[in-house]
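Take a look at the structure below.
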Amino acid sequence: MYGSARSVGKVEPSSQSPGRSPRLPRSPRLGHRRTNSTGGSSGNSVGGGSGKTLSMENIQSLNAAYATSGPMYLSDHENVGAETPKSTMTLGRSGGRLPYGVRMTAMGSSPNIASSGVASDTIAFGEHHLPPVSMASTVPHSLRQARDNTIMDLQTQLKEVLRENDLLRKDVEVKESKLSSSMNSIKTFWSPELKKERALRKDEASKITIWKEQYRVVQEENQHMQMTIQALQDELRIQRDLNQLFQQDSSSRTGEPCVAELTEENFQRLHAEHERQAKELFLLRKTLEEMELRIETQKQTLNARDESIKKLLEMLQSKGLSAKATEEDHERTRRLAEAEMHVHHLESLLEQKEKENNMLREEMHRRFENAPDSAKTKALQTVIEMKDSKISSMERGLRDLEEEIQMLKSNGALSSEEREEEMKQMEVYRSHSKFMKNKVEQLKEELSSKDAQGEELKKRAAGLQSEIGQVKQELSRKDTELLALQTKLETLTNQFSDSKQHIEVLKESLTAKEQRAAILQTEVDALRLRLEEKETMLNKKTKQIQDMAEEKGTQAGEIHDLKDMLDVKERKVNVLQKKIENLQEQLRDKEKQMSSLKERVKSLQADTTNTDTALTTLEEALADKERTIERLKEQRDRDEREKQEEIDTYKKDLKDLREKVSLLQGDLSEKEASLLDIKEHASSLASSGLKKDSRLKTLEIALEQKKEECLKMESQLKKAHEATLEARASPEMSDRIQQLEREISRYKDESSKAQTEVDRLLEILKEVENEKNDKDKKIAELESLTSRQVKDQNKKVANLKHKEQVEKKKSAQMLEEARRREDSLSDSSQQLQDSLRKKDDRIEELEEALRESVQITAEREMVLAQEESARTNAEKQVEELLMAMEKVKQELESMKAKLSSTQQSLAEKETHLTNLRAERRKHLEEVLEMKQEALLAAISEKDANIALLELSSSKKKTQEEVAALKREKDRLVQQLKQQTQNRMKLMADNYEDDHFRSSRSNQTNHKPSPDQIIQPLLELDQNRSKLKLYIGHLTALCHDRDPLILRGLTPPASYNADGEQAAWENELQQMTQEQLQNELEKVEGDNAELQEFANTILQQIADHCPDILEQVVNALEESS
């Protein structure tokens, strides 16, 4: 399948007649059957390398070369190797095989002429090993040029086929990599959703079958081309033998004078060929980098040149030319030999590359021979279907994660405010617990003093028994007071139990905080996954851009193919012009070379048959190319539809996300209102605590008064017992408070970890932004390539139009000259008739020479009949040539239509690129907005934390925390500055892109019309008004905050210059082209000044008042 044309087996003798050319296969399927049936060894089919059919120029030049080549003979005893195959045409008794241009001498006077066939591979490529005598055949320059052209055509088609094979190989490798990656995950992944996605599997399987069918069609085309090359080579060999026979016949009739004329013409032709060869060598030196695939053909052409030079030298020496001419020929041969040595050196370098190409072909052959069976293909299809289902599930998860991100944003803001409120409540509860501890200690001291007083009272009880009677009344009164105090104590114990319940509520709130922190951690993980999915989306976008670049490459290849086809058409026109010139020369030399007319008429008839076959094969090749172009267009339209569907889905997702953001903002407002209610409740709790403190103070005063009056031991013991119970309860409270403090410190650590995670995610967002900038550069490069291709196509269309006009003029001149020739022929026939009449008169006078005169008249009549037949044939050929010219014109018109369609497709691609650029801008703006919102939320959170710490107390630890929070706040402010600068830079880049696009559209035409200049002027004026509005927002913010920010800044003159828009537009309509150009430059300068002034204001705001950057962002959004 990948072999070259040299690997041909033995050729069996053909059953065709010598005068008929072998029939060419009409379709690649027929060629495929023939190669399979004969195994590449029959006379009509050859398995080998790919190539194109010979053009009409090549066929004509080959026929002319064989017609003018001189005879050369082998000795009677020289034979070619015994293993050479048989001839396709046995005209004589000799069975040996000869290289092309070499003839065998006739062994006797038999009518069967001794000529031997040569193998097609030796004729085509010259790879035969014969003695030096047999290598002396004439190969003129036209044959070498024809071979070079055919081999170059074959090489271009081989390159195309190899390129298609490489593309198919890349597709196969991509599929293999996808399958290998999915096989690892397929073992652990299985879901019932795969049943719903069988349609996707079928689509993938159909794509694979289509690729295989394309590869099979390419192989069949290669085989078809190989068969056509072999058939044309056989036909050339037959034509060469016929030309040799006609040359022998003509040489036996005309004699030596005609040979002398032919040799002189050959010498002149050789001189012209030598000049052409010098030019060709100069071009070859320039194009050495493109000789990787031509070196193999150069070997055969150089061998043919050696043989032709040796033959020509021997011919010149045998005809007795001067010594000077021989010296000149020797000098030419020496130069040619030097050039050949240089080319041989290059050949040795490029043979290695040929070996590498053969190795790659064999690998491809083995891969496609060892293709997997149906079971493996089914398994691969199932893997692909599972992979597609997994991709769909990941897309659903992506949507869910986007919703969770929006929830996280709102919950992040809420959690920061709730943390602030909780910190305040904890500080209040901590101060209240300290106050309660102090109270318990005071009560303990009072109980100890009361115990001492009780012991003193016991000692004094004996002395006071006499006074008991008097004090009983006082005791009854004191009992009532004690009962009142007991009720008060009960109320205090109830309050203490309430404080315990409040502490339990605080514990529950702390557990809720823990749960919320865990939820925050999960949301952070979800954010990380969301960022990874965003990266995958960006990778998909890059793949889409690469696919666009590949499509552009394929379009460039199609344009290159169209160029090649145009070159082929130009060659056909040149061939037709050369044919007309040859016919004119034949009409001039009719009287001198009557015998050569017979041979040339027969060669022209053979040329017509060859041209018909070549034209049919070329038409079939063109039809195949058009089918492939239509197939590629359908595939491109399919890809565009898929991309449009993806864009619509992305737009729908964005709309959903925006709706969710609006809902979340409403939730935020509701939660802020609830936070305000909670703050009011906290203030009320603080006031109730103050009231309780005042009540406690009053109770203490009452207790002091009552302690002085207490005299009984029983009441003191009861008080001591109650005090001991309270003392037991107080250390449990202190332990609980310590536990709460430890939990608060742990929650602080977790919040710091969450902050570090948020910082890491921000860094990942920066990396994503850098990748997007790189992709923007790639898109700009692709746009420049498309513009260059469009310019080249416009130039080529203009050149084609010019060439058509020149060809029309030449064809008209040729027709006029042909008519003149016909008139001159009619005059010559009248003169001949007059001479015949005179000879009839002389017959009457000269009766003695009657027999001689009768013979002369008969011969003259035969000559006249031949002239008339030749003239009719020439007229028919002129008509055929005119028809061919009309066909060429029609083909050129079709090529123009194809060029217009390619230009339209390029315009569509440009519009698609502009849409992609607009989407990229939207994505960048959204990313910058998200970053700015996150930074503003973090700054507000830091401010709240700082305020809480400043309110709590003035310990060193809190001061350090406040300093750390301030440093973090400064860092966040710097990041917010950077983000605002990035957004300003993005606006400036968008403005510069629009300006560059408008200037580029204006530069495509050398002299733009006034209407083309007015449109960019209006766009620039619109941008100028936007910049003025933005500068007005910034200056208003600066004046509200601090007018000193704008100190030293003076706005440009264009900022204060205001005019009526309608009047300015009317003035533009009345301006000349030069005035419009000056106005365009002025407006561009004004826009540049305004942009620079806006950048300076923004820098001043960032330096002096970074806390109003949020308002600057709002101004940006309003101006955009």
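If you go along the chain as it appears here, the first residue is 1 and each next one adds 1.
Cβ atoms are placed via backbone N, Cα and C, with glycine included.
Here the candidates are S75, S137, S784, and Swiss-Prot annotates S75 as phosphoserine. Of the candidates S55, S185, S448, Swiss-Prot records phosphoserine for S55; the remaining residues carry no such annotation there, which does not rule it out for them.
Swiss-Prot marks one residue of S15, S41, S824, S1001 as phosphoserine, namely S824. Counting only same-chain residues 6+ beyond the ends of the coiled coil (1060-1104), those with a CB under 8 A from a CB of the stretch are 977, 980-981, 984, 988, 991, 995, 1008-1010, 1013-1014, 1016-1018, 1020-1021, 1023-1024, 1027-1028, 1030-1031, 1034-1035, 1037-1038, 1042, 1044-1046, 1049, 1051-1052, 1054, 1112. Packing around T1050 (phosphothreonine) is summarised by its Cβ count: 8 other Cβ atoms lie within 10 angstroms of its Cβ, all protein chains included. Across all of the coiled coil (1060-1104), the predicted model scores a mean pLDDT of 80.
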